[in-house]
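Take this structure, written in structure tokens, and hold onto it; I'll ask about it next.
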Amino acid sequence: MPAGVMIPARNMPSMTTGNGNASGFGTSSSGLTLGQIMFQQSNNMMEGHLHPLEMIQNTSESEIARMRDEEFDSTNKSGSENHELGGSGDDQDPRPNKKKRYHRHTQHQIQEMEAFFKECPHPDDKQRKELGRELGLEPLQVKFWFQNKRTQMKTQHERHENTELRTENEKLRADNMRFREALSTASCPNCGGPTAVGQMSFDEHQLRLENARLREEIDRISAIAAKYVGKPQGNFPLLSSPMPPRPFDFGAQPVSEEMYGVGDLLRSISATSEMDKPMIVELAVAAMEELIRMAQMDEPLWMASLDGSTCVLNEEEYIRTFPSGIGPKPNGFISEASRETAVVIMNHISLVEILMDVHQWSTVFSGIVSKASTLDVLSTGVAGNFNGALQVMTAEFQVPSPLVPTRESYYVRYCKQHAEGTWAVVDVSLDSIRPSPTVRCRRRPSGCLIQELPNGYSKVTWIEHVEVDDRGVHNLYKQLVSSGHAFGARRWVATLDRQCERLASLLASNIPAGEVGVITNQDGRKSMLKLAERMVISFCGGVSASTAHTWTTLSGTGADDVRVMTRKSVDDPGRPPGIVLSAATSFWLPVSPKRVFDFLRDENSRSEWDILSNGGAVQEMAHIANGHDPGNCVSLLRVNSANSNQSNMLILQESCTDPTASFVIYAPVDIVAMNVVLNGGDPDYVALLPSGFAILPDGTDGGIADAGVSSGSLLTVAFQILVDSVPTAKLSLGSVATVNNLIACTVERIKASLSCDNA
């Protein structure tokens, strides 16, 4: 209890002396401190509570005086001298100089009365007479001894209780100081700023003032939203303090502006101004309204395609239905709109958390998102979740080929819960608020509607609606891009479905141990899958035509031109130090994507195209299944070299496939490092240089990878080679020629094997 806090005194009976005058003990002392109460109780007990006398009729004054003197001699159980009796009769003692007589009880008398007191602290008249007769004492002496004994016990008890109260007081004071110290250094979990606990948590008046201010802010934003969309939005979130912008991510690593150049769009973007925030809010609210309606409406807004496999947006109906928005389509831009629905094996709340966390989002969609960053957080949501979260973001969307320019977009992402178990996340470009001449892609309201299903499943309806200048796309990919399947909703949903299965495999605990090569150690599975995930992110982030790096085209034959780029790897535990040369090329094959994928992922056919294996046999040592499709797995391969003088080599490989894209990505790994990973060690310190293949449908069959044998494939081959272990070394032309020959030979082998097999 803090010092100085006033507490009420105990309820004590008011003591009255023989002449009827109050002793002053019975008054309330609620205004006293704890120490004052203890002091007053002690004084009251000493002054008027030790010797209450009964006025006995028919008793002579001399006898009463004698009994008083005897009583003074019997108040201490140990036989010590008794205190002088204080009463109203002593104030008029005619013999003030007469010495008082003292009487000391014998040790036997005290012991007997102590024993009787333990059994009966309140003896009646008969018991007092019997006890007095046995001990040679008057009944009145016995009565006074028991009264004094009871008073003494009560005093001891109250002193003990006061000691406990004092100890509790000190404990409360210490706790109070500890809590105050902790609260003085506390921070807000939402905004990261200091908390005002002294005014907010312990002061109801301040709380009410703050709530009133927040309510006014909500009403103001709701009024803006109502003005824009034509109806009130009662639960729109508040604007909170912006977060400082973070650097873009290149795969799993931050992008260095010195190493990779930063796009013009990022350079032109500055922090969100206070004047822009209300406009961003009303734009996000309108976009959310549009997304929900587009997800739920059918004809005439959405029309079935000729083959009935997809939905096509009726642009005239769209303009009539949504006349407002981010403005008319810029000159030279084309529209791409698609909608796709699927059921995925993930809880709806987990899906929302992934979409609202830029790192998780870019990791799950690493084949589509080459880099992403949250520039500003206008609202973190309410009630401990993302309901009402509002983020200003920038992202670069890719096709895994250097022949397709990436699409940069500057937009706001808004998350809202519409009903129990139903959430929506929408993106909309902010170019109408802050125009930029470098913008080549605008996101009209795009995103997804997520509905909870039983048993941890969710129904996802994805809307992808963009306006883009795609004149930089290579002719080889024109059909795939113009059909909307390169960046459309089907690719987003297919990727999400595959990644949800991968995550379910990661969390699985009942792994059957019967199959040979299956890794059942849970820690080993997690470490190996995490290492493979980093390998895939690094491959996808380095194979596209991103503004984060510049490709140099080597002389070739049109579509088979090899593009190369270099980068320095310094102080990165995930990559070997030195000069890394990346080379990539894309070409068309008259073979179905499924056939190409099965050929490249099969360890038995690896020697037909892998020059680095030197013709040695490749054996799968261990694998982890990542879904229902047997092609979705992570494998650890051993290359048994045909040359006995060469040591065997381990290869980490992940193969993944869905109807819109397939990947076979691999990297040589150190045997000692892999043993650490398989035992559950940290995979972040395993150096990797991933190479591999990205397989896409050519777009002639609507973008479906497994539609039939007659469809063709677009294959991208990419290698990363450490050409010099010294980061400051100069790149030699001989190294470039060697890598160019390596990739050209690999392409020829793949073409020969698949063409022969397809004949």
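First residue shown is number 1, and so on along the chain.
Note: Cβ is positioned from N, Cα and C throughout, glycine not excepted.
What TrEMBL says about a protein is an automatic prediction, not a curated fact.
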According to TrEMBL, which listed range is region 'Disordered': 1-27, 190-216, 244-270, 595-621?
1-27
Within the DNA-binding region (98-157), what mean pLDDT does the predicted structure show?
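Per the prediction, mean pLDDT sits at 85 for the DNA-binding region (98-157).
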With DSSP as the reference, give the number of residues of the DNA-binding region (98-157) in helix, strand and coil.
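So the counts come to 43 helix, 0 strand, 17 coil.
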